[in-house]
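In TrEMBL this protein carries:
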TRANSMEM  47-72  transmembrane segment
TRANSMEM  84-102  transmembrane segment
TRANSMEM  114-136  transmembrane segment
TRANSMEM  148-166  transmembrane segment
TRANSMEM  196-213  transmembrane segment
TRANSMEM  225-242  transmembrane segment
TRANSMEM  248-267  transmembrane segment
Amino acid sequence: MGPDGAPSQSVPWRKVLWEQQPFPDNYVDQRFLEELRRNEGIRQYRYWAVVKEAGFVGQQLSCVAIFITLWLYMEQGLLAPETLFWTSLTCALLGYGLYQALTSQTESCSDHHIHLADSQSAVLFLSFTFGFSPVLKTLTESVSTDTVYAMSALMLLAHLVSFPYAHPSPPGSLSLNAALFASVCLASRLPGALHTFAMLTCALLVFALWPCLLQRIRANAPGQFTGVCVGVCVGGVGGLGSQSLGGAVLLSLALVSVTLICPLLLVRLQRHKDNIHGPWDEAEIHEDLSRFLH
């Protein structure tokens, strides 16, 4: 169908641009809607599969809560920095062993040079962090406490928003830098330099190493992935509840929303999706053009 005043159908219309035709530019015939296609290539989601993937988001939120809980214990003097450091170091060694065990199931990762490089990186990080701890402790002395807390909250929020949940190994640079910046701000408000060192070591374990191990578990041991996420979420709620009941309630509501309600909305709203495709779409070149790149 075309606009008023279109020529009679005695002159056939052709969908070409290089030929002069006695039709307006916006003219189309009755075959225009015959090529209409709806919801082409729509992916159907299963609820529990989406819940499982959303568990990564929930556990990352719980990791932030666990880190804040440990910082509160350190600030109140309920947790010694030596205890936190040795616990973090032990967990890091156990996690590294588990990571290598899971990796060896599908890849050949017995190269001793890799282990040596990892050990050197760990020693360098611990040495530099320990040496610069007195400097980091006094880094925000001229900044008010309220400003430090506001910056920390903003950076932790940026960490959660920018975290690459689909491929978290290694964590994105923006997400990791935001988390470490918040860690430095919070650690600078602790009583001593040793507290700062222990807190930054814990931050590296939580925000940099743990996502890599969890991604390996998701890839090579999917049966245990759900249990690990549930355990982290329970630990986050329980730890935060020991300091603030209101905070634990808010975290619980956030976890329920992210891991249960949002996947349900995604699955339910799929039936209302109505994407249309037709001759008005932009042309797509499906031919392999790589031979022209040589």
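Placed from the backbone N, Cα and C atoms, the Cβ positions cover glycine too.
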Same-chain residues near the transmembrane segment (47-72), Cβ under 8 Å, at least 6 residues beyond its ends: 79, 84, 156, 159-160, 163, 165, 168, 183, 186-187, 190, 199, 202-203, 206-207, 210-211, 214, 218, 225-226, 228-230, 232-233, 235-237, 239-240, 242-243, 247, 251, 254-255, 258-260, 262-264, 266-267
Most Cβ pairs under 8 Å with the transmembrane segment (248-267), selected from 84-102, 196-213, 225-242: 225-242
Beyond the flanks of the transmembrane segment (225-242) by 6 or more, those residues with Cβ under 8 Å of it: 52, 55-56, 58-59, 61-66, 68-70, 214, 217-218, 248, 251-252, 255, 259
